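Visitor: The domain 'Glutamine amidotransferase type-1' annotation in Swiss-Prot covers 5-195 and is backed by sequence analysis. Residues or ranges marked as active site, nucleophile by Swiss-Prot: CYS82. For HIS169, GLU171, the entry in Swiss-Prot reads active site. Swiss-Prot lists 196-385 with the feature domain 'GMPS ATP-PPase', giving sequence analysis as the kind of evidence. The ATP binding site annotation in Swiss-Prot covers SER223, GLY224, GLY225, VAL226, ASP227, SER228, SER229.
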Amino acid sequence: MDKQLVLVIDFGGQYNQLIARRVREHNVYCEIVPYTYSIDKIKEKKPSAVIFTGGQNSVYGEDSPRMDKEIFDLGVPVLGICYGHQLITYTLGGEVMGSEIREYGKTDVTLDSVCELFEGIDIENSCWMSHTDRVAKVPEGFKVVGHTNVCPVAAMANTEKKIYGVQFHPEVLHTPFGEQLFSNFLFKICGLKEDWSMSSFAKEKIQEIKDIVGDKKVLCALSGGVDSSVAAVLVHKAIGKQLTCVFVDHGLLRKDEGDQVESIFRKQFDMNLIRVNAKDRFLGKLKGISDPERKRKIIGEEFIRVFEEEANKLGQIDFLVQGTIYPDVVESGTDTSATIKSHHNVGGLPEDMQFELIEPLRELFKDEVRAVGEELGIPHKLVWRQPFPGPGLGIRVLGEVTEEKLEIVREADAIFREEIANAGLEEKIWQYFACLPNIHSVGVMGDGRTYCETIALRAVTSSDAMTSDWARIPYEVLDKVSRRIVNEVKGVNRIVYDVTSKPPATIEWE
């Protein structure tokens, strides 16, 4: 039996990957394709439902994304969100106009409870808006099923053809009824079943890797983080000793991390593991470099060079495994979304790379990666290890990277992580770390004046890394961390705590 497919058409909005995540949370498989995807290709995929995402354009713009009207003749339910809502209106003969009053952020909305999309949802509710244009007149066959004080058509429905549009963003957590809305759309309106899970994903991916690799050799870029670890074990399950894991110790790791990685994968998983000590090589390349994008590119390119050298020693190697996940791809920019910052797994790859890439986790969000890890029998402690970027401490030392600065941030980070664990908060906080922002400040220690480094602490709550909020760590924990770092880490006299959400900030400082 063919797998059910919800096709998410990407029009370039900032929350598009979240839509896919919300669908998958209901154990329904979905894929994201750009709006440039032809109607013939869409037909070939035989989707059970289609979702139009938001976007940054106006439907009346000359170069604005469009969609072939024939998509509405496929006979499958369609849900349009924000720009997608306006595009449905425009394409089917309704009217869209600019609004004198824009709606951004939390907004009160009134819904029509008779509409199946809003079944089981309170009529008077709140939602997350982010738009300038609005629907002024719905297309023929549609009726208004939601409004706000500013937006007279916050939602519309053609129940006969099962085409729906909402101006707000049900995919973000700030819309409290979003989960129920997606449930109603997927199960009540589309009649889909829960037939996709991380267990089925792992089984299918293992078979896929076997088919792709055959009897060829594979090299895995192992960092010891969650993503590369799950990718390595997944590939190892598929091809066993055909996989060689190369762990590049670039001198940018957290405290004791290199030894831990070697112990876990060599002894516990019986993998072919090569540990390469390349600290001097990486620090030499980074000398005098302060620009964060250049640092990322240098680290990414040097990683690949090391792998190529190791591959040459091993003989014929055909494939390289990377732990790339969905947010990596999104933050590197797609055809329809602006580049936020190049990701080390995507943007730093040299054009003359000698391997074919295997990225088994490319479609998954972080929580899904963890679930796959649990399915594969990876120890819980490793599966829930803190996210750590490929460039490592190289992007947690702002400005030029030196061994002295690395030692400062490494020790401060170890103290922070230790006290978070002591407080029982390690699985309650999505990510937490220390960084060195390259700021000196005056202080007083003993009877003397100091002029030392500042350490910034960053801790966020999230479920997918697409959006996050700063973690409300108890004051007594922050107090203990601050006192310990200042007293135990030489060269530091001030601690600051980052209280910025994402957006507007990213989780990492660089």
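Each Cβ is built from the backbone N, Cα and C atoms, and glycine gets one as well.
Walk me through the surroundings of each of these features.
Guide: Note: CYS82 (active site, nucleophile) has non-local neighbours GLY13, THR53, GLY54, GLY55, SER130, HIS131, VAL166, GLN167, PHE168, HIS169, i.e. same-chain residues 6+ apart with C-beta under 8 A of its own C-beta.
The Cβ of HIS169 (active site) has 24 other Cβ atoms within 10 Å, all protein chains considered.
DSSP assigns GLU171 (active site) to coil in the three-state reduction, outside any helix or strand. Residues near GLU171 (active site) in space but far in sequence (CB under 8 A, at least 6 apart, same chain), listed by position: TYR15, LEU18, ILE19, ARG21, ARG22, ILE81, GLY178, PHE182.
For the domain 'GMPS ATP-PPase' (196-385), the model's average pLDDT works out to 84.
Counting only same-chain residues at least 6 apart in sequence, those with a Cβ under 8 Å from the Cβ of SER229 (ATP binding site) are LEU222, SER223, PHE265, GLY323, GLY373, ILE378, LEU382, ARG385.
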